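J.: Dumping the structure here so I can ask a few things about it.
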Amino acid sequence: MEESWICQWSVIRSLLAIIQWWSFNVTVIVMNKWIFQKLDFKFPLSVSCIHFICSSIGAYLMIKVFKVKPLIVVDPEDRWRRIFPMSFVFCINIVLGNVSLRYIPVSFMQTIKSFTPATTVVLQWLVWRKYFDWRIWTSLIPIVGGILLTSVTELSFNMFGFCAALFGCLATSTKTILAESLLHGYKFDSINTVYYMAPYATMILAVPAMLLEGNGVLEWLNTNQSLTSSLVIIFSSGVLAFCLNFSIFYVIHSTTAVTFNVAGNLKVAVAVLVSWMIFHNPISGLNAVGCAVTLVGCTFYGYVRHMLSQQPPGTPRTGTPRTPRTPRNRMELLPLVNDKLDDKV
């Protein structure tokens, strides 16, 4: 009886973790789009900087004040040699995401973001000459095909926003690959990651934001008719951006890898649906099909990665001759995609 109750509570806790993760993620995305479109605050660098500031304060409170998570101590030399380069890529990743959201609909932006697994595999193959199992390459076909179909049929297509989203995928992939080498030896969770990277990201972005957007922000402050409520929304989005990172920490410890993968792709579908209901951006039938194919492809890709990771070492792969690049163990077959930490805003 007690084991049954524990099992039921585990399922309930997983569902609650996923729901709150979805809620924070969709709310942050919709609020950012609302800030750019409805509040006419068209300054993605400033919005990103506010998010970094709020995340820095939030991570400090969680670790230093409330002791929710112990601080992972990093050597001072490693902070500049390892953390700073990661923070730079982290900053570019977030900024490009907000820039794309400024110019293209949420549905299109979220679909392009699903291209990240493909860019990660290709980058590792080109730069590191890593070998991947043929099933990994096959699983990328529906992702690429869905992205192409979505891009061709997008009714609100904007080349600048499209390029920003695409380069955002490359930045996410680069961040993942760099983390494997630069953060080797440190087991960061999402809160400690934000604790170290958000302050550096704020330093990196503050000057460009002031130089490129300072005059525009001042003009917006002087001409806005409902300044107080607008500022509340803008800074609330920063607070919720940190809460999203905290929710990732919670959901990682409450779900399995397979559940996380499926929930992550369903989260994109929920974000697309909610944004369409709020902003009423036009979506054609083929565009919806392309988005669905992409999400199914991402789910299949996650399943393939999980299946390969469960194979015992030394499992023969029929029909694959050994070459100088043939992997010696199963882990070389898997891309370095940390799906659980790619949603930080």
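Heads up, the Cβ atoms here are built off N, Cα and C, so glycines get one too.
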J.: For which of the residue intervals 114-133, 134-153, 154-173 does TrEMBL record transmembrane segment?
T.: 134-153
J.: Given pairs 6 or more apart, does the transmembrane segment (258-279) have at least three Cβ pairs under 8 Å with the transmembrane segment (12-31)?
T.: yes
J.: May I ask whether the transmembrane segment (12-31) has at least three C-beta pairs under 8 Å with the transmembrane segment (43-63), counting pairs 6 or more apart in sequence?
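T.: Contact between the transmembrane segment (12-31) and the transmembrane segment (43-63): absent, because fewer than 3 Cβ pairs are under 8 Å.
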J.: With a cut-off of 8 Å between Cβ atoms, can you find at least three pairs linking the transmembrane segment (231-251) to the transmembrane segment (134-153)? Only pairs 6 or more residues apart in sequence count.
T.: no
J.: Report yes or no: does the transmembrane segment (285-304) come within contact of the transmembrane segment (83-104), defined as 3 or more CB pairs under 8 Å with a sequence separation of 6 or more?
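T.: Stretch pair does not touch.
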